[in-house]
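TrEMBL lists 18-225 with the feature domain 'DNA replication factor Dna2 N-terminal'. The feature domain 'DNA2 rift barrel' is assigned by TrEMBL to 414-510. Per TrEMBL, the feature domain 'DNA2/NAM7 helicase helicase' maps to 570-609. Feature annotation from TrEMBL assigns domain 'DNA2/NAM7 helicase-like C-terminal' to 628-718.
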Amino acid sequence: QRNGSDAEKHLTITASQSLQDTELCILRNGWESVPVVPGDIIHLEGECSSGIWVINEQSGYLVLYPDLLLSGTTISNSIRCMRRAVLSERFRGSESGSRQTLVGTILHEIFQQSVTNNLAQGKVEELAKKIVYGQKYLKEMYHLNLRQTEIMREVEEYLPSFFKWAEDFMHNPANQNKMQLKLSSGEKTEDFSCTIEIVDILDIEENIWSPRFGLKGKIDVTARVKIHREPGVQSRVMPLELKSGKESNSIEHRSQVILYTLLNLERRVDPEAGFLLYLKTGTMYPVSGGRMDRRELMKLRNHVAFYLMHSTRESAMGRQNSQLAALPPVVDDSQACKYCSQVHNCFLYSRAVEQKMASVSFPPAMVSIIERETQHLKPSHLEYFSLWYLMLTLELQSGEGNKGYKNIWMMPSLEREKAGDCVGNMIRVEEVQEISEGKYLHFFQRGNGAIPGTNLLVGDRVVVSGEENGLLGLATGYVKEVSVTKVSCLLDRNLSKLPKNIIFRLDHEEGNFGIGVTFENLSKLMNDSPVSERLRNLIIDFHKPRFIQHLSSVLPPEAKETVANILKGLNKPQKQAMKKVLLSKDYTLIVGMPGTGKTTTICALVRLLSQVNCSGHFCLFLFSFCFFLQAGCNPSDIGIISPYRHQLKTITDLMAKLKENRVEVNTVDKYQGRDKSVIIVSFVRNSKEENLGALLKDWRRLNVAITRAKHKLIMVGCVPSLSYYPPLEKLLCHLQSEAMISFFSVLFSGAHESLHTCNIL
């Protein structure tokens, strides 16, 4: 609606799940352009008067989906092309893998280590050689067909600029490099001339998460700076952004610095400005983070968030038929598209998805380019891309709805502990050990007694945060050891520089780690290359795999005896499967019921292929299902299964108290291909909840669990509760109809319902 000549948007908002106690939010002065629809989640920064929020050019921020943390790079990319920013969040691998990226990464590390340790020129040159000729970047150099000597020559071109910058700004109060800064002074903001002295490097690659603004970022250098001006000296902590490319002082580069000033608000006083340093020339630009610039960047962030969170739409046929939504419009700039890292994915999505939408139009000049760049793809290929992009998007949305990082800041550690997904009130003890470059072993101990029951297991990914909200995502890593009083973790950052009185929390990281790789693989499958074409023929068009005729062309004569030894003990179908693999030029599928020896065959295959100098890729379907066990016959002949990690931890602790280590407590992916004489399945559930858990509804998991027993299978659970799960209901009905099951009711003291034990005869 309009307020005079100015447009504004009125939002009815509520913080109540019952949709009562509503308030009004008025968006003005450009904020009304932010896309927002009923059901969207927002965060408001500002003041509320009589139940009315006003977000305008002078005050307030609206943050759309604040739990979706977007990087400064993503938002700055959206300035010239919103479409590229959205695609880069899906296809992350497309943004890396070039010579320029590798050289930039190496230069960043050299600079950061040099300023952190205040190295002299000679030491910087030694450091540069150590990094370039070391092992860390050797794999990337090999992938890009680059030699260490040519990388070193390029790095050496930058070093004089490093030295000149350090001479001018590091610990030099008398430098003559005047620059203009815009900072607040009292109640007003002044633009003044000053000189800058960097007196301390507080952190490098400081990781900050800000659900307040829906932002995240790793600040290249966090520095304590003295600002020398008349009549005195100011001291501030400010971000320093490094750029290894062409000196441009572009709006994209400046925008990243401005967003980092917003991130700093999570941990310290508003720096109001930061610095942009071009490593090639040593030129450093001041960048002021004023209200107007921050406001416009937050609007862009909201647009990106909207497209990411509304990447599917309901079809006209109803909710069960989700469809992909349109991306931001294609820009009419073929020259810019030529150098865009997302151009392949952009044109692919246009052709496969958007050209079927009547509501989407394209710049006339771009239509022919899109057709030309995707002409190598058949309609079946485009359909495949569209289908699997939709499937991956739905999987991603499901993960965002149920898990994700947001519980780290939305739920107190005590509440998360009840579900076993967090350990709070932890203090750091012992010295941090640097295991390898960028890997630090930390030891944490409970501040008030023993660690409560937790689902955290050795090998789990964790996010380490401070109990204070401003210290989110300090480091990530893996659990190395869990005991009654202590947890050790291998982290990507050294936390020993933080104050000793910080109280930490360790949260189980529940992210969609592999889905970005899957998006990238889907994109590569559509490339215009011989390899991708062959894969499309096999995977999409169902071309038959090719096989050679004779084993003699694969097996050298001297390997015959070794191969014969490997084949000993295998049955006829296993040997036939191995022969088929050796004759394969494309792929071989090995299918078999549980317990038929697939894992044994694959292990033998690995040994055999290594003997004949062949390589192969192995893909196995494994299902996460936890095994538990209790007493009975020989402990080593018994296994116990449960679908819940907390139950796994509980039984593991119980067995430890009983000093019984012969019974195996493990997950199904560690148990695949093996079996036990006796298997006990603990179903845990004993309630008639309307919101059924997903684990017990998966028939594949159930199939794996009940096919591990060689002689006897015992299922422990509440039959009325389990009957709510369709796979279990069918199983129980079938077993009863075949007279293969007997029920035993065990009534515990104080219990209101029986615990039914189903004993398969």
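Cβ coordinates come from backbone N, Cα and C, glycine included.
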With helix taken as DSSP H, G or I, strand as E or B and everything else coil, how many residues of the domain 'DNA2/NAM7 helicase helicase' (570-609) land in each class?
24 helix, 1 strand, 15 coil
Tell me, what is the mean pLDDT of the domain 'DNA replication factor Dna2 N-terminal' (18-225)?
92
With DSSP as the yardstick, break the domain 'DNA2 rift barrel' (414-510) down into helix, strand and coil residue counts.
11 helix, 48 strand, 38 coil
